[in-house]
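Undergrad: Sharing a structure with you now.
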């Protein structure tokens with residue numbers, strides 16, 4: 001990567017002989033102001049929306065179990081379906097965003113997530129509902145993988161890392177808002193039934209519908225924002241990128257577009273294969289045209305080979321392995337924390353004032369499963385403690401969500417990655433030795449705060465690790481590894497937690513420690529202009 005303009009020529013834009021500016025210098029001249037704050041709000045709310053979409057199924061299960069007459073196997077498929085959709089969708093949307101543009105794909109994923117989410121609320125057939133939740137996962141993973149690169153490509157180097165790190169606060173906001181909505185809506189006593197007594201629409205359906213509407217609203221709001229100028233320059237559309245930069249200048253400064261000091265933009269030193277071969281923007285190719293689709297497929301294959309080639313192989317492997325370790329541990333344990341909370345509560349009701357570990361609780365609860373501790377689940381309400389514990393997990397993330405953006409320039413993103421993963425690994429080991437539900441809740445809150453900060457920091461770092469034409473694809477590839485690990489982790493944990501509880505806990509702690517060690521090999525980021 002080349003050095004930032006401040007280092008090359010302090011106070012002077014980087015001009016060539018024709019008076020054209022490179023992208024970093026041009027972006028700096030547009031100022032930093034109202035446009036960037038609006039864009040941060042939009043991308044942050046998209047990130048918060050992904051937190052809601054990913055975790056809402058845990059609040060739906062208790063009520064939907066009765067309406068769909070779900071068996072334990074059905075519930076397993078329902079929790080796995082969105083994760084499988086995310087696994088399949090990650091790379092698909094990444095490839096599309098690096099060929100058709102960030103904005104158009106981001107709008108498509110948000111609208112698809114919202115429409116399918118609303119449709120799932122009126123589905124009366126379990127296989128159809130299952131398929132629609134799969135599509136939800138397929139769509140929302142695209143939004144999660146694109147919002148960081150899209151936001152980062154509008155930021156000057158001096159602000160980019162800090163702005164991206166503020167996204168973690170929005171994830172925390174999503175985790176806090178979700179149980180609040182669930183706590184208000186799901187306990188409502190209303191059910192619309194047909195003549196046969198079958199429930200057509202209940203409180204949990206309304207909850208899913210309300211959680212789907214933000215995707216639609218965000219997709220419509222995004223229509224007001226432009227495509228990434230950085231991406232347009234890489235596609236050979238410098239004139240359009242220049243017009244967008246003039247609009248940003250007008251929004252930030254309040255001055256007329258004609259006063260913008262940017263007169264021209266330097267073309268990239270190295271264009272993509274389609275530009276060099278066909279002398280046209282990659283965005284002009286129609287995916288419905290078989291001939292165009294063949295060209296686009298070849299370009300995607302070339303980009304994938306480049307991503308795995310000598311120049312980027314090291315960063316690609318590091319990003320994928322780190323995502324695999326942290327995402328597997330985070331999504332598996334966060335899905336199972338409510339179950340562990342419930343087992344502790346059942347035990348403490350039966351044996352008050354006794355100290356016992358998580359693993360001992362699991363075995364005792366299982367020994368009493370026939371009629372004593374476990375009742376018929378159908379028709380029971382969600383325990384109030386489930387909402388309260390989820391809220392506490394969200395509130396626990398607030399300190400780290402503020403610490404990250406306020407201190408990232410001073411300490412560096414790599415420090416936050418290593419620190420969060422090391423401590424999270426130690427906390428995971430500690431889960432095996434807690435003696436009561438309070439200790440379990442405290443460690444769970446620390447784990448949630450640190451691992452969620454680590455995941456957001458990985459997304460921030462990846463914006464700097466790869467060039468524009470590979471940035472979203474690289475993020476998507478690492479997301480694919482992460483989602484695959486989460487799917488595998490949930491299956492393994494379900495099998496092992498009741499057989500030998502210590503094995504999965506030790507396995508996930510090793511993954512976190514291993515990811516922290518791999519972070520030492522990442523380059524320092526946030527100090528250079530985007531390549």
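Just so you know, glycine gets a Cβ as well, placed from its N, Cα and C.
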Undergrad: Give the range, chosen from 9-27, 104-122, that TrEMBL lists as transmembrane segment.
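TA: That would be 104-122, per the transmembrane segment entry in TrEMBL.
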Undergrad: Do any residues of this chain, six or more beyond the ends of the transmembrane segment (415-435), have a C-beta under 8 angstroms from a C-beta of it, and if so which?
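TA: Same-chain contacts beyond the ends: 322, 325-326, 329, 333, 355-359, 400, 404, 408, 443-444, 446-447, 450-451, 453-454, 457-458, 461, 501-502, 505-506, 508-513, 515-516, 519-520, 522.
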Undergrad: Test of understanding: applying the rule of at least three C-beta pairs under 8 Å (pairs 6 or more apart in sequence), is the transmembrane segment (39-64) touching the transmembrane segment (441-462)?
TA: no
Undergrad: Which stretch from 76-97, 104-122, 206-223, 317-337, 386-408 shares the most C-beta pairs under 8 Å with the transmembrane segment (163-186)?
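TA: By the under-8 Å Cβ criterion, the transmembrane segment (163-186) pairs most with 386-408.
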